[in-house]
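Residues or ranges marked as region 'Disordered' in Swiss-Prot: 1-20. As annotated by Swiss-Prot, compositional bias 'Acidic residues' applies to 8-17. The feature domain 'S4 RNA-binding' is assigned by Swiss-Prot to 39-112. Taken from Swiss-Prot, the feature active site covers 160.
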């Protein structure tokens, strides 16, 4: 089965040790089996301790936390079989950051099984280098202390720091397993609203491979080889003079997927600090509205649907468009001479509310393309 959202570094990273908060320092005794004779110590440990990344095991070896036959060793040391290994398991920095921090959370829904939260732009989901405190995870642990007993504190997918919107968090291990399985099977429906530069010509599907940008390892890009399949469905809600209001549905959940795909389609998201075009031509009033978004791109996880882990029923949630994006839309409508009387969220919902058309989930193309009409 192909992993989708759960293997995405933005939603979830298989390359990082994302353990539960209960992990503590302890020792593990191992005997190198004869079938692994001839292998390097780091490679042997990676096979014997698959729950830990090879990079983490290598760092333990270099730190002297791995003893082979009562002696410190090096990652490249060859094993002959039968060696006695003692590994001191040390909590990762991420794990040490699993501490509750009270913060105001916009809880959209909560029961004994799941929490649905509306994440604001600017909030990091999970502790990592440069953001060891003040993350959504820290706030969730304060709100629901029992999450400390759930692997990964119940988080099964992520949003970029500067993307706002809906996330679901599992409160129990069975619920987490259910949600992960749904993400892997692509049955979780995620709909985003965004403002894109330019006039998006038609509704369509963007289907590519996404991987690390070979010229900038801090960015993602559409690549021909070595990437992961990524599919985004785009629906145009409204067109203005210099921008378009769009709705994006995800089949997959790659890192920065919508942002990368819209850039590749020559319609990057407004105000995107990484993939956007700060010189996109537009009127002064619109420029000010875009500037007022600050560091965040005009992207919001608007709707989330999944099968409830306990009841088995399909549940759907929506989060109103944030004020900063709403202001930009109002300015764009006014400039375009459109009805500017849509003064509140209810009126916007009546005009642009999500429908229940599931046609986006039909995989009727099997080509490497950038943008095709549906």
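Using N, Cα and C of the backbone, Cβ positions are placed for all residues, glycine too.
Just so it is clear, the model here is predicted, and its values are computed rather than measured.
Model confidence over the domain 'S4 RNA-binding' (39-112) stands at 91, taken as the mean pLDDT rounded to a whole number. Residue 160 (active site) has a Cβ environment of 21 other Cβ atoms inside 10 Å. The residues of the domain 'S4 RNA-binding' (39-112), classed with DSSP into helix (H, G, I), strand (E, B) and coil, number 21 helix, 17 strand, 36 coil.
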